[in-house]
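These come from TrEMBL:
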- 43-64: transmembrane segment (TRANSMEM)
- 94-119: transmembrane segment (TRANSMEM)
- 126-241: domain 'Phosphatidic acid phosphatase type 2/haloperoxidase' (DOMAIN)
- 126-146: transmembrane segment (TRANSMEM)
- 172-190: transmembrane segment (TRANSMEM)
- 195-214: transmembrane segment (TRANSMEM)
- 226-245: transmembrane segment (TRANSMEM)
Amino acid sequence: MTERFKHKRNSVAKQEHMSAAVQQARQEVAESRSPWWNALRKTGILIGIDALLFMLFGLLAVYVRFNAVIGLDVLITREFQEHRTPLLDTIMLAVSYIGSNFMLSTLVVIVAALAFWIVNLRLEAVFIIGLSLVSSLLNVGLKLWINRPRPAASLVEIIQVAGGKSFPSGHVMSYMAFWGLLLSFGLILFKRDRWWHYLLLVIPTLFIILVGPSRIYLGDHWASDVLGAYIISLVLLTLTLWLYLRFKRKGILEASQQISIPPKQ
């Protein structure tokens, strides 16, 4: 009886400790919040730029659909691979690793969404999962339509063998969707007064910048695959942010203790 009582008391103590930790995390996030509505003024400009980017992507997609091998692509990949070192191999493989492992990449997205949900950023949590899913489906659809084969070993060195089609790069699209959205939330939602806020800016930026070159270096994609993925992902990301900010203004999934929203001007 005494042992059962001790076990129950320890269990209650652990729950109270966890609850206190969650409450402390929520307080930490709430205190570092920035006036997100300032970003609303900039989304109109981004939507206008999106129209031009979408046209550019369309032209590139049609071109590579009928020109599977482009001389400039081959030259760029060979130039990248001329500077191969064991250290660079390790770095580039590491950068691509999360995107190459479906279970790991799914887990990372879910954990990030849960973290946002726990600290009362519920709309952000939904958008993290939603954008990652939409980006993946869009990538599959584009690859099926364009049907471009991956780089051949007769043209460039294949350091990491990957299956499926080549255009646009799935790694770049998934990284732009996930890490790009985290970076955007870091810029929109928070003041730069916490150590974790700088991590929220630096880590996503590194992944976004390095994933494109890593796909070329490893021989998994052509430079045009990477360029196309960056372009269409930027369009998708900015459209998502436009939608997110309007949902945010309406207070969808907002916790009661969040900062108040100013009236429309």
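Glycine residues also receive a Cβ, built from the backbone N, Cα and C atoms like all the rest.
In the domain 'Phosphatidic acid phosphatase type 2/haloperoxidase' (126-241), the DSSP tally of helix, strand and coil residues is 83 helix, 1 strand, 32 coil.
For the transmembrane segment (172-190), the most Cβ-contacting stretch among 43-64, 126-146, 226-245 is 226-245 (pairs under 8 Å). Residues 36-37, 39-40, 43, 46-47, 49-50, 53-54, 56-57, 60-61, 64, 123-124, 127, 130-131, 134-135, 138-139, 142, 167-173, 176-177, 180-181, 184, 188, 212-213, 215-216 of the same chain, all 6+ positions outside the transmembrane segment (226-245), place their C-beta atoms under 8 angstroms from a C-beta of that stretch.
Taken as a whole, the domain 'Phosphatidic acid phosphatase type 2/haloperoxidase' (126-241) shows an average pLDDT of 92 in this prediction.
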